[in-house]
Amino acid sequence: MRTSIATVCLSGGLVEKLESCAAAGFDGVEIMDADLVAAVESPEEIRALCARLGLTIDMYQPFRDVEGVTDDEFQDTLRRAEAKFTVMDRLGTDLMLVCSNVGTASIDDDALAAEQLGALADLAATHGIRLAYEALAWGRYVNDYRHAWDIVRRADRPNLGTCLDSFHILSRGDDPSGIEQIDGERIYFVQLADAPVLDMDLLSWSRHHRLFPGEGGFDLIGLLGHIDRAGYRGPISLEVFNDTFRQTDVSRTAAHARRSLTWLADRTSEAEHRAQDRLPAAQQARGIDFVEIAGQDLAPVDELLSQLGFSFGGRHRSKDVRLWEAGDARLILNEQRRSESCVLSAIGLSVDDAATASARGELLGAPPVFRRTYAGEHELRAVAAPDGTEVYWSDAGAEPAWLPEFVGGSLAATPLRAVVDHINIGHPWQEFDEAVLFAGAVLGLTPEPVEEVPGPVGLVRSQVMRSADDVVRLAINVAPPTSPEPPRHVALACDDVLAATRHAKAAGAALLPVPANYYDDLEARFGGTMDRALLDELRALGVFYDRQGAGEFLHVYTQAVGGVFFELVERRGGYDGYGAPNAPVRLGAQRRVAAHR
Ligand SMILES: O=C(O)c1ccc(O)c(O)c1
Ligand SMILES: [Mg+2]
């Protein structure tokens with residue numbers, strides 16, 4: 001797949017954008033007119049830079065307000081176009097994007113539109129330039145790709161074709177299968193954007209919320225299949241107007257964008273027989289091997305885990321690392337990284353083939369992580385997620401291969417038997433989409449619908465990504481910008497949260513206090529259908545409750561140690577959520593505790 005990207009996706013000046021696109025491995029770019037106009041470099045200098053960087057200039061865009069206008073207006077359009085054709089000659093690019101008219105169109109007449117586009121194409125031909133006509137979803141009269149193709153056919157010029165843009169097709173819910181009716185030679189360009197499924201006006205949705213493939217709700221794989229079957233063999237270009245990507249680090253966004261196309265090419269390669277685009281298969285996690293917490297002084301975490309009913313699993317033979325266990329839940333405390341306060345720093349996953357998992361991660365641009373190992377120690381393969389969290393893979397077995405490296409653990413049975421239910425990672429707002437792409441592409445997880453939870457300092461957006469068998473459930477949260485350190489937590493599932501909470505309280509664990517108002521409300525909501533004794537016990541212990549149909553969810557939180565806290569959960573009757581209705585109360589309680597420290 002030849003890859004391209006519109007300069008409008010990125011922040012910074014044109015030269016920085018081009019350098020970042022080349023560094024990220026794109027083959028070409030679409031240069032946005034406004035980016036060139038604002039640059040101090042001449043078109044000749046930009047052309048030379050692209051040549052030096054190995055980037056082709058695949059398209060110049062956009063040219064607006066062409067068709068459906070009065071004759072006077074059209075004469076001015078030709079004058080304007082001539083000036084831009086000259087710029088394109090200097091840039092050395094031969095394809096111009098022409099958007100369907102959204103502003104000046106006053107005449108709804110396909111014959112006139114075809115005539116005017118034809119005349120513009122004839123003028124372009126004197127420069128050796130081709131035009132790609134694109135239906136914008138909010139075009140005044142032309143807003144459907146089939147309509148744009150009709151007009152192109154009607155104009156019937158050898159240098160006039162169409163540009164397909166996934167956003168304009170899928171945002172309107174148009175049937176993309178009609179693409180196969182288009183002559184592939186006349187599809188001059190393909191622009192791709194994903195987007196969250198939103199119910200809002202098309203223009204604002206398009207200009208602010210587009211996403212890179214794999215981060216939204218559009219079926220881009222299906223769309224590419226139609227485009228491929230139409231016979232299109234040109235570049236696949238990203239055109240993603242997004243408020244976040246336009247203001248964040250340009251080289252990081254370019255790499256992120258390129259990763260989305262690597263993922264997409266892999267997903268479409270099977271159907272389209274493009275073996276060169278194929279990646280090693282995503283490895284579904286069989287289990288969570290461990291969760292690691294790192295920090296300078298983790299004694300308070302040792303204490304808390306002991307109070308929760310974990311048992312000490314020993315110290316590592318050669319490193320300043322300790323293990324705590326409760327049934328199948330294993331927590332590693334790592335004091336080797338002395339610069340950090342207490343953070344959730346790594347996740348270990350067991351998979352069928354760890355080598356394949358890490359090879360895939362690296363091909364998707366995730367940086368490999370190396371930790372020093374000593375003779376006889378198990379070497380784990382790992383990459384870093386976009387936020388720096390390390391993901392380790394090990395081959396699934398009866399028990400983790402690294403377990404014997406921990407010595408001196410207590411042999412007593414654990415009071416708590418648990419398994420990691422979900423892991424919740426707070427991210428700064430600008431890293432959210434990248435994290436979603438990483439979890440989907442590298443970890444092979446599938447997104448659940450986004451939840452939004454009102455917190456005391458802003459709306460918290462939460463996207464759970466999970467494996468097919470629910471072994472891994474990763475909640476990606478956007479922390480409110482005012483929270484100093486994005487909080488993270490590990491939720492541990494056990495059979496009896498009430499008993500576990502009694503045990504933890506008796507052992508002196510600092511649990512999160514829950515306000516009485518919460519239980520008054522619980523009584524109002526469920527009092528009619530809930531056992532009185534249960535309600536009283538929830539209130540006495542500070543345990544949260546939620547219900548979905550016949551399913552019930554009991555959960556309780558510890559207070560945070562640094563940037564980490566724990567949750568004990570009990571799922572009854574097939575409850576499948578995360579207690580989202582309780583999140584505002586939890587966030588409020590956490591804020592109160594933090595304020596009193
Ligand atoms: O929002 C726009 O104006 C705009 C311009 C060019 C495009 O290719 C497009 O999809 C949208
Ligand atoms: Mg477009």
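If you go along the chain as it appears here, the first residue is 1 and each next one adds 1.
Cβ atoms here come from the backbone N, Cα and C positions, even for glycine.
GLU567 is the residue from GLU340, GLU552, GLU567, GLU570 that TrEMBL records in the Mg(2+) site together with HIS422, HIS489.
Residues GLU134, GLN191, GLU239 are given by TrEMBL as divalent metal cation binders; from ASP108, ASP165, ASP266, ASP277, that same site also lists ASP165. In three-state terms derived from DSSP, GLN191 (divalent metal cation binding site) belongs to an extended strand segment. The number of other Cβ atoms within 10 Å of the Cβ belonging to HIS489 (Mg(2+) binding site), over all protein chains shown, comes to 22. Listed in sequence order, the residues of the same chain lying 6 or more apart from GLU567 (Mg(2+) binding site) and placing their CB within less than 8 Å of its CB are HIS489, VAL490, ALA491, LEU492, HIS555, VAL556, TYR557, THR558. Checked against ligand 2, the binding-site residues ASP165, GLU239, HIS422, GLU567 give ASP165, GLU239 in sequence order as having a Cβ less than 6 Å away from one of its atoms.
ASP165 are the binding-site residues among ASP165, HIS422, HIS489, GLU567 whose C-beta comes within less than 6 Å of an atom of ligand 1, given in sequence order. Counting every protein chain shown, 28 other Cβ atoms lie within 10 Å of the Cβ of GLU239 (divalent metal cation binding site).
Across the range of the domain 'Glyoxalase/fosfomycin resistance/dioxygenase' (433-521), the DSSP-based residue counts are 25 helix, 29 strand, 35 coil. Taking the centroid of the Cβ atoms of HIS422, HIS489, GLU567 as the Mg(2+) site, the other same-chain residues with Cβ within 8 Å of it are ASP421, ILE423, ASN424, ALA475, VAL490, ALA491, LEU492, PHE565, PHE566, VAL569, TYR578.
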